[in-house]
Amino acid sequence: MIHVITGTDTDVGKTVATAALAARELAAGRRVAVYKPTQTGVRPGEAGDAQSIAAWLGHPVGLQVAEGIRLREPMAPVDAALVENGSAAVAKLPVLVDHLARITQLAADYDTVLVEGAGGLLVELTAAGENIADLARALGAALVVVSRPDLGTLNHTALTLEAAVNRGFASGTLLLGSYPAQPTVLHRSNLENLQQLAARHGWHWAGAMPSDLVAGDTGKSLLTAGMALTQLRAAAVR
């Protein structure tokens, strides 16, 4: 099974959500691969999102993490490549078939593949302008959208789900990436409204991830959070 994890924006909790899902799959005895098509904002030798997931989970047996390409600037992939080395770097970005081949091989070797996108659903990954939605559709993968709980999330989430549905994702999974331990009236209202929004689009609501997951006993906390999420919706691409 391949799940593509994207978000309504950047910094919504995609990496933590991916780690929690990986922890749950590993606990069920499944071998898991985490693939990051484009890692931006990280220099050579530094831990990217995929490496952070492995570290949080204690580098367990049965987990493989990989990146497609790494760029230094904390920007959208095409822009990061342009700043790093001009149009030549953009031209050298992996094309969609490169990512497809890498993920297909991982799917042949592992029970579950979790693909974590960069930024939101329509952020361009390739020089040709293809995005994470195009990648998920080409894979026939299940789409997971991670949202945030604060002001503005309803509009951003509605736009993301509408864009996904219009691109053929008749169903998918929506979850909250970072829900505070002491929610305000706004947070509680948004939580309820996001569940209703998912239902109106025919999407599955998986639950809300607590906001302090990478503190303390990270591996145990991530597993607890992952187990609390309901089962992800299988792929439903028209």
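Positions of Cβ are set from backbone N, Cα and C atoms, glycine also.
Together with Thr15, Glu116, the Mg(2+) site in TrEMBL holds one more listed residue from Asp49, Asp98, Asp150, which is Asp49.
The Cα of Glu116 (Mg(2+) binding site) lies closest to that of Thr15, out of the binding-site residues Asp11, Gly13, Thr15. Set side by side, the binding-site residues Gly13, Gly117, Gly119 differ in how many other CB atoms lie within 10 angstroms of their CB, and the most is found at Gly117. The most crowded of the binding-site residues listed here (Asp11, Asp49, Glu116) is Glu116, judged by how many other CB atoms sit within 10 Å of its own CB. It is Ser178, among the binding-site residues Thr15, Thr40, Ser178, whose Cβ has the fewest other Cβ atoms within 10 Å in the structure shown.
DSSP assigns Asp11 (ATP binding site) to coil in the three-state reduction, placing it in neither a helix nor a strand. Using the Cβ center of Thr15, Asp49, Glu116 for Mg(2+), the list of other same-chain residues with Cβ within 8 Å runs, in sequence order, Ile5, Lys14, Thr18, Ala19, Val34, Lys36, Gly48, Ala50, Ser52, Ile53.
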